[in-house]
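Q: This is the structure, below, for whatever I ask next.
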Amino acid sequence: MHRLVASVIDTVVNLAKRRGFVYPSGEIYGGTRSAWDYGPLGVEFKENIKRQWWRSVVTGREDVVGLDSSIILPRQVWVASGHVEVFHDPLVESLITHKRYRADHLIEAYEAKHGHPPPNGLADIRDPDTGEPGRWTEPREFNMMLKTYLGPIETEEGLHYLRPETAQGIFVNFANVVTTARKKPPFGIGQIGKSFRNEITPGNFIFRTREFEQMEMEFFVEPSTAKEWHQYWIDTRLQWYVELGIDPQNLRLFEHPADKLSHYSDRTVDIEYKFGFAGNPWGELEGVANRTDFDLSTHSKHSGVDLSFYDQATDSRYIPYVIEPAAGLTRSFMAFLIDAYVEDEAPNAKGKMEKRAVLRLDPRLAPVKAAVLPLSRHADLSPKARDLAAELRRFWNIEFDDAGAIGRRYRRQDEIGTPFCVTVDFDSLEDNAVTVRRRDDMSQERIGMDAVADYLSARLKGC
């Protein structure tokens with residue numbers, strides 16, 4: 001039975017830490033707030049999400065190509081993009097604890113709890129730490145970009161920024177891609193990479209962090225077709241999450257109000273997931289924005305390079321509009337884990353029913369595709385099982401485990417989402433066959449050892 005998401009989130013966070021999906025960064029030194037490292041299972045899970053996104057958005061289409069641009073970009077790029085001027089958040093400080101918060105986040109949390117804005121503004125908002133009636137400083141603007149200096153001296157000339165989004169690296173390479181890849185609108189450029197934002201209030205596990213990964217694509221279109229393409233990408237990206245196992249009831253679309261649109265956007269629609277956070281359970285997975293011609297126009301103006309496109313078929317020249325589906329990789333990571341978590345019952349070695357925790361991940365996302373398990377640690381069984389695991393490892397990420405009772409080893413694999421367990425038993429020594437157990441229904445099937453690779457291949461398509 002699937003428990004309510006609100007009660008699942010803490011369980012999944014604990015599972016992620018305990019089983020090696022995610023570790024607090026620098027933990028032996030006390031850690032860094034909202035910074036996380038991805039362990040053996042987490043790094044495989046992340047790579048699988050990226051692989052599915054890349055196949056769906058880039059290599060699975062003839063109208064999209066890939067790019068990997070630099071994390072550090074010149075200051076002029078961010079001046080042109082508007083980030084230096086407008087990439088600010090209103091910051092207030094509690095006069096009780098002297099902690100700083102985004103004013104808009106405090107107000108949004110109040111609205112989510114009470115169903116209306118605070119009548120007297122910040123004066124009605126209690127201190128999040130102490131619960132006392134809040135006493136706040138006046139809001140101040142806080143730039144969220146992280147600075148760095150290149151060269152031996154920290155001067156204005158060497159000032160650069162760590163990118164707060166991957167998009168600008170795509171825009172400044174627009175002309176390069178058009179020329180070398182021989183592309184013309186409608187076409188897109190996709191990119192996966194790290195971005196950095198000096199968030200005032202990071203938190204909610206890996207949902208909001210200062211260092212994060214984005215899966216972004218900029219789709220360049222003739223201006224009159226922008227609205228149609230925008231809706232196409234909203235629908236396409238929403239369906240991607242559903243096809244990879246997210247329950248549609250836990251997804252929704254959120255239309256940004258006109259007064260809260262980013263400086264470049266004509267319309268933005270967020271794909272949100274019901275994470276189960278306190279206050280407001282919904283959180284953004286991905287934003288799909290119509291950025292109009294803002295980006296190419298501003299970079300043309302500031303760089304002096306013509307970034308318009310000449311259409312020979314219509315003998316016309318125009319600045320393409322941009323439709324941007326921008327997904328958070330680590331937010332997707334978190335949503336897929338939460339949505340896959342199920343608790344049911346399974347018999348133990350004595351036949352008694354016990355609680356079983358399962359990650360019912362789509363096999364394409366599962367960090368381990370199959371586990372090879374000798375029935376027991378035995379001089380004849382373990383080597384045979386190891387040889388089979390080595391053969392299968394040529395194709396997939398495979399675990400070998402011969403420690404403990406077979407039932408416990410099944411549970412360990414269920415808990416990390418492994419779709420198949422292959423058991424080598426004493427009969428295997430005679431008939432050269434193994435038992436394949438399915439994760440979700442625990443059904444078992446006996447097949448020849450030399451047929452295991454073909455058996456899994458037929459059931460792990462797209463992995």
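The backbone N, Cα and C atoms fix where each Cβ goes, and this holds for glycine too.
Residues annotated as substrate binding site in Swiss-Prot, with sequence analysis given as evidence: ARG102, GLU165, PHE212, GLU213, GLN214, MET215, GLU216, GLU324, PRO325, ALA326, ALA327, GLY328. Per Swiss-Prot, ATP binding site is recorded for 197-199, 207-212, 284-285, 328-331. Per Swiss-Prot, the feature region 'Disordered' maps to 113-134.
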Q: Residues sitting near the region 'Disordered' (113-134): Cβ under 8 Å, six or more positions beyond its termini, same chain?
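A: For the region 'Disordered' (113-134), the sequence-distant neighbours (Cβ-Cβ under 8 Å, at least 6 residues beyond its ends) are 92, 94, 96-97, 99, 101, 103, 106-107, 279.
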Q: Could you put numbers on the helix, strand and coil content of the region 'Disordered' (113-134), residue by residue per DSSP?
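A: Helix, strand and coil residues of the region 'Disordered' (113-134) number 6 helix, 2 strand, 14 coil.
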Q: Which of the binding-site residues GLN214, GLU216, PRO325, ALA327 has its Cα closest in space to the Cα of GLU199 (ATP binding site)?
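A: Checked the binding-site residues GLN214, GLU216, PRO325, ALA327; minimum Cα distance to GLU199 (ATP binding site) goes to GLN214.
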Q: Quick check for you: of the binding-site residues ARG197, ARG208, LEU285, which have their Cα within 10 Å of the Cα of ALA327 (substrate binding site)?
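A: The binding-site residues passing the 10 Å Cα test are LEU285.
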Q: Just counting, how many other CB atoms are there within 10 A of the CB of ARG102 (substrate binding site)?
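A: Within a 10 Å radius of the Cβ of ARG102 (substrate binding site) lie 18 other Cβ atoms.
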Q: Anything within 10 Å of GLN214 (substrate binding site)? Look among the binding-site residues ARG197, ARG208, LEU329, comparing CA atoms, and list what you find.
A: LEU329
Q: Calculate the distance in Å between the alpha carbons (Cα) of PHE212 (substrate binding site) and LEU329 (ATP binding site), and round it to a whole number.
A: 8
Q: How many Å lie between the Cα of ARG102 (substrate binding site) and the Cα of ARG208 (ATP binding site)?
A: 13
Q: Could you tally the C-beta atoms, other than its own, that fall within 10 angstroms of the C-beta of PHE212 (substrate binding site)?
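A: A count of 20.
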Q: Around ARG210 (ATP binding site), how many other C-beta atoms are within 10 angstroms of its C-beta?
A: 18
Q: Calculate the distance in Å between the alpha carbons (Cα) of ARG208 (ATP binding site) and GLU216 (substrate binding site), and round it to a whole number.
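A: ARG208 (ATP binding site) to GLU216 (substrate binding site), Cα-Cα distance: 17 Å.
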Q: Which chain-mates of LEU285 (ATP binding site) that are at least 6 residues away have a CB under 8 A from its CB, listed by sequence?
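A: TYR241, LEU251, ASP270, ILE271, GLU272, TYR273, ALA327, GLY328, ARG331, SER332, ALA335 - these are the non-local Cβ neighbours of LEU285 (ATP binding site), listed in sequence order.
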